[in-house]
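Chemist: Encoded as structure tokens, here's the structure I'll be asking about.
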Amino acid sequence: MLMQAAVRLVRGSLRQTSWAEWGQRELRLGQLAPFTTLRKDKPLSDRRSELKRRLKAEKKLAEKEAKQKELSEKQLNQTTAAAATNHTADNGVGAEEETLDPNQYYKIRSQAVQQLKVSGEDPYPHKFHVDISLTQFIQEYSHLQPGDHLTDITLKVAGRIHAKRASGGKLIFYDLRGEGVKLQVMANSRNYKSEEEFVHINNKLRRGDIIGVEGNPGKTKKGELSIVPREMTLLSPCLHMLPHLHFGLKDKETRYRQRYLDLILNDFVRQKFIIRSKIITYIRSFLDELGFLEIETPMMNIIPGGAVAKPFITYHNELDMNLYMRIAPELYHKMLVVGGIDRVYEIGRQFRNEGIDLTHNPEFTTCEFYMAYADYHDLMEITEKMLSGMVRSITGSYKITYHPDGPEGQAYEIDFTPPFRRISMVEELEKVLGVKLPETSLFETEETRKILDDICVARAVECPPPRTTARLLDKLVGEFLEVTCISPTFICDHPQIMSPLAKWHRCKEGLTERFELFVMKKEICNAYTELNDPVRQRQLFEEQAKAKAAGDDEAMFIDENFCTALEYGLPPTAGWGMGIDRVTMFLTDSNNIKEVLLFPAMKPEDKKETATATETPESTEASPSV
């Protein structure tokens with residue numbers, strides 16, 4: 001009977017306990033008395049005693065868990081209650097809240113906002129009319145004298161709270177920031193529309209909140225320009241604990257993944273993107289004045305053309321076919337020149353399925369233009385005028401200082417004073433290597449490829465397969481010529497084997513009328529006199545197709561539509577392209593391309609620990625895009 005009663009007791013306990021909970025308890029109880037020991041061959045009294053021990057242990061364990069849970073909840077409730085009390089009775093500063101764990105802070109802040117909604121207050125109003133920007137306010141009233149208070153002028157401003165300081169219960173200071181400037185809000189109960197509302201609004205506001213302020217311009221006795229509010233409105237509460245400006249936001253992973261937070265806390269980031277915008281604006285204005293027409297071309301193409309690069313592939317459901325993301329807009333531009341639009345340009349995104357490193361991002365911005373009745377000599381002059389004028393317009397000088405290894409590394413002076421240095425690729429390579437290369441007319445032979453291969457091996461210059469002549473030359477140029485280019489330098493007259501879209505050199509057989517502009521060892525521009533012979537163009541496309549078949553993923557496809565367009569006649573034309581991102585890096589002294597992209601490509605956080613970074617070399621031939 002006792003055994004049956006015990007079994008009923010156990011079954012009752014099982015009914016009250018979920019199987020998941022029972023499984024956990026069984027595992028823990030098994031350490032005291034495993035169920036496998038409760039065997040029928042033991043005497044009944046032993047089995048009864050063992051079962052009692054187990055039930056007693058299970059009960060103690062359950063009581064212990066309940067106490068721990070109750071204690072944790074009690075501590076959290078006490079913390080929440082204390083913080084909630086501070087939220088309404090701490091002179092509005094909320095300093096104690098900022099000692100909390102960020103998760104607790106978020107919970108408390110969310111509850112406070114929910115309470116506002118329940119009470120009928122809208123913490124997210126639809127509209128707040130702003131009379132004057134913070135920048136304009138500072139410009140117009142900075143002349144005030146200490147102690148001035150213009151009670152006859154009432155203005156409305158808005159911004160984000162970055163600091164909150166109480167000087168007693170009736171005087172609270174806020175640092176309001178926006179547009180890269182700071183304005184102090186001097187909230188005094190005497191000037192507010194009512195004492196009760198003064199207390200209420202200041203108890204609500206926290207660092208990070210976006211607020212609207214209606215008040216009078218003034219200056220404190222210490223000379224701090226301020227707005228003295230008659231009324232303040234919560235426009236959008238910040239639910240997260242905002243890092244203090246004193247410490248800033250320095251972690252790069254957080255900065256790149258949460259760019260909005262980076263912009264809130266780091267004004268230098270805002271300045272970089274202002275400079276980026278100025279660069280694009282200057283280029284547009286420069287080309288517009290030369291009579292160029294800005295155009296837009298497709299970003300998804302049946303054939304990826306215009307550059308030697310590996311494309312991204314997507315799929316079009318309706319057409320039931322693969323499409324390629326644009327690697328360069330060049331071929332479309334030249335078709336438009338065939339159609340009679342003699343000067344065209346486009347500023348836009350390109351996509352290349354290649355490596356991510358300090359100077360490469362799979363999605364990047366370029367400017368390309370094509371100019372009928374011009375050659376690469378004309379484009380060198382235009383490049384010098386554009387870049388030197390841009391640098392001087394934005395920085396005030398032709399010379400800039402750049403830190404390629406970061407702020408703590410060595411500083412270099414880059415001089416954009418025209419004219420820029422010019423070197424011929426093959427001649428300079430022979431000079432630096434101290435060897436005589438085969439005649440450029442023989443660069444397409446296997447003998448030349450073997451000579452270049454041997455030079456790379458002897459000089460320990462790495463070149464992953466396929467070790468084609470074009471790739472070997474590109475590696476040698478990168479190793480021995482590009483590294484000498486600190487101030488702007490044109491590397492000119494590339495071999496035809498490296499430039500399937502460029503026109504052959506009018507004086508040097510085997511070469512093309514092409515140049516690349518390097519600054520601080522990095523390519524920023526690429527341009528050439530365009531090949532407009534449809535027969536020769538088709539031959540070069542076929543050679544590229546052979547290279548692709550041999551394993552070169554970056555080799556070009558044959559574009560029949562483009563070849564057909566050339567058959568209608570492309571006038572003598574020169575084409576040019578520049579990487580906006582790299583130019584921005586130099587003018588903002590940034591050594592990482594992620595610093596000048598608002599939302600750079602990043603590995604998913606759960607993969608960043610295990611994924612290995614890959615580095616892909618720059619293309620040996622681009623459209624004039626880089």
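Keep in mind that glycine also has a Cβ here, set from the backbone N, Cα and C atoms.
Sharing the features that Swiss-Prot gives for it:
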BINDING   Gly306, Glu330, Glu368, Tyr370, Asn526, Glu530  substrate binding site
BINDING   Arg352, Asn353, Glu354, His360, Asn361, Glu523, Ile524, Gly579, Ile580, Asp581, Arg582  ATP binding site
COMPBIAS  611-626  compositional bias 'Low complexity'
MOD_RES   Lys117  N6-acetyllysine
MOD_RES   Lys170  N6-acetyllysine
MOD_RES   Ser236  phosphoserine
MOD_RES   Ser424  phosphoserine
MOD_RES   Ser619  phosphoserine
MOD_RES   Thr620  phosphothreonine
MOD_RES   Ser623  phosphoserine
MOD_RES   Ser625  phosphoserine
REGION    604-626  region 'Disordered'
Chemist: Roughly how many angstrom lie between the C-alpha atoms of Ser424 (phosphoserine) and Asn526 (substrate binding site)?
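Modeler: That separation, Cα to Cα, works out to 14 Å.
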Chemist: Measure from the CA atom of Tyr370 (substrate binding site) to the CA atom of Glu354 (ATP binding site) and give the result in Å, rounded to a whole number.
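Modeler: Taking the Cα atoms only, Glu354 (ATP binding site) lies 26 Å from Tyr370 (substrate binding site).
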Chemist: Which of the recorded positions listed here (Lys170, Ser236, Gly306, Tyr370, Glu530) have a Cα atom within 10 Å of the Cα of Ile524 (ATP binding site)?
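Modeler: For Ile524 (ATP binding site), the recorded positions whose Cα atoms are within 10 Å come to none.
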Chemist: Given Glu330 (substrate binding site) and Arg352 (ATP binding site), what distance in Å do their CA atoms have, once rounded to a whole number?
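Modeler: Just about 15 Å between their Cα atoms.
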Chemist: Closest to Lys117 (N6-acetyllysine): which of the binding-site residues Arg352, Asn361, Glu368, Tyr370, Ile580, going by Cα position?
Modeler: Asn361
Chemist: Of the binding-site residues Gly306, Arg352, Glu368, Tyr370, Ile580, which one sits closest to Ser236 (phosphoserine) when you measure Cα to Cα?
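Modeler: Result: the closest of the binding-site residues to Ser236 (phosphoserine) is Ile580.
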Chemist: I'd like to confirm something. Which of the binding-site residues, Gly306, Arg352, Asn526, Ile580, has a Cα closest to the Cα of Lys170 (N6-acetyllysine)?
Modeler: Ile580
Chemist: Could you round the CA separation between Asn361 (ATP binding site) and Asn526 (substrate binding site) to a whole angstrom and send it over?
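Modeler: For Asn361 (ATP binding site) versus Asn526 (substrate binding site), the Cα atoms are 18 Å apart.
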Chemist: About how far apart, in whole Å, are the alpha carbons (Cα) of Arg352 (ATP binding site) and Gly306 (substrate binding site)?
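Modeler: Taking the Cα atoms only, Arg352 (ATP binding site) lies 12 Å from Gly306 (substrate binding site).
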Chemist: So how far apart do the ATP binders Arg352, Asn353, Glu354, His360, Asn361, Glu523, Ile524, Gly579, Ile580, Asp581, Arg582 get, largest Cα to Cα in Å?
Modeler: 19
Chemist: For the binding-site residues Glu330, Glu530, which Cβ has the most other Cβ atoms within 10 Å, all shown protein chains included?
Modeler: Glu530
